[in-house]
Amino acid sequence: MHHMTLAEIARGLADKKFSSVELTQTLLARIAQLDPQINSFISLTQDLALSQAKAADERRANGESGALLGAPIAHKDLFCTQGIRTSCGSKMLDNFKAPYDATVVAKLAAAGAVTLGKTNMDEFAMGSANESSWYGAVKNPWNLEHVPGGSSGGSAAAVAARLLPAATATDTGGSIRQPAAFTNLTGLKPTYGRVSRWGMIAYASSLDQGGPLARTAEDCAILLQGMAGFDPNDSTSIDEPVPDYSAGLTGSLQGLRIGVPKEYFSAGLDPRIAELIHNSIKELEKLGAVIKEISLPNMQHAIPAYYVIAPAEASSNLSRFDGVRFGYRCENPENLEDLYKRSRGEGFGSEVQRRIMVGAYALSAGYYDAYYLKAQKIRRLVKNDFMTAFNEVDIILGPTTPNPAWKLGAKSSDPVAAYLEDVYTITANLAGLPGLSMPAGFVDGLPVGVQLLAPYFQEGRLLNVAHQYQLNTDWHTRTPTGF
């Protein structure tokens, strides 16, 4: 049962081949057996899962149906879950039980999804390797000595190891797409505002977006259907109708214009990855797509702009964790200032502290114009480059990452080296565009992803292109040895 996709599970439940309770028990046993190898979960919710599965089976018995009804999933541990620890991978929130469900959690629960647990992540979603979690690093099921990507590494590793068919994740600078690439999954970052951020603990509010991680585009369509939609509780949520993503997976790629930015294939890209990306392009050409070279001239400025804007927003968002209202509080503070300093110093890890410092510096009186304002101007240029490109093409294609997954600890002492791994993904966050990563092959036994970007609210187009590609390739069906 553990090898089934979400779509296969939906068919199996509808045909009464097994019950949601049976499936849930099977996967919980598998998690208990295998997760100690990869450390993908922070919290397991066995009792909740079994009660939700039982309720889903009863709903089916009463004639209800639905692709997510009785389907097991997990949530990245920054989505608030009522009465269940929501840690954000941090000592700071190790004791925090949210008083309410995030909109994404509530919507999926209403659709009948079964929550198996909360997945590990880089602390406060800051990282590209899932090594900054207070609960320990997550290991890549394809090679346990390598990182799974971050910050949604727990969700990615759990799905890749077949512990469950799909999971929620978030993407601020590539945190869905990069782990998807590193673990041979399909991951989608929706348009900014497509999925509610209410109850999703913020890292950088103008960049964060929730989305699905699964093995196939078909499964991403099912999970996104349950996550997307307008939410009046989120002031950045956009009131745009949500199409039927699964029904849209049947479109022909004949005449589809795919833009390939020349900047993507400059120095820094592993030549073996470049070859796999070119193979993907040939496959899409066979399906009728037309390839056109384009330019994104301001892409080279994206990383410095992102690493000013994101930490600046983080320094503001994380100021609420002060040892007073909720979260970690130091012992025996001498006075209020000591309480603040020690609670934050002891509660936050080194990467989070680094980004808070960078952000506070960029926002300080003497440097605001030089850094933050300039970064926002670059953000506008990056967005304009995409608008120009999408006048000529329907989709933009390139690598998801410049390199395959690196070894655990390999970039820990050099944060800038890790930041540079985000070069292909952060532009979509700066511009607010939807982006998808799908499996494209392997380098030294490690998975490689190809990234697709589309205009605003064209998630359906991304999913259809990925689905047609997956009907004609088998990379996404490969399973890591031992899982």
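Keep in mind that glycine also has a Cβ here, set from the backbone N, Cα and C atoms.
The active site, charge relay system feature in Swiss-Prot is assigned to Lys76, Ser151; the stated evidence is sequence analysis. Marked as active site, acyl-ester intermediate by Swiss-Prot on the basis of sequence analysis: Ser175.
Recorded features from Swiss-Prot, shown on the structure.
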{"residue": "Lys76", "record": "active site, charge relay system", "CB count, 10 Å": "31"}
{"residue": "Ser151", "record": "active site, charge relay system", "CB count, 10 Å": "34"}
{"residue": "Ser175", "record": "active site, acyl-ester intermediate", "CB count, 10 Å": "37"}
Reading the DSSP string in three states, the entry for Ser175 (active site, acyl-ester intermediate) is coil
Between Lys76 (active site, charge relay system) and Ser151 (active site, charge relay system): CA-CA distance (Å): 9
Work out how many Å separate Ser175 (active site, acyl-ester intermediate) and Lys76 (active site, charge relay system) at their Cα atoms, rounded off. 11
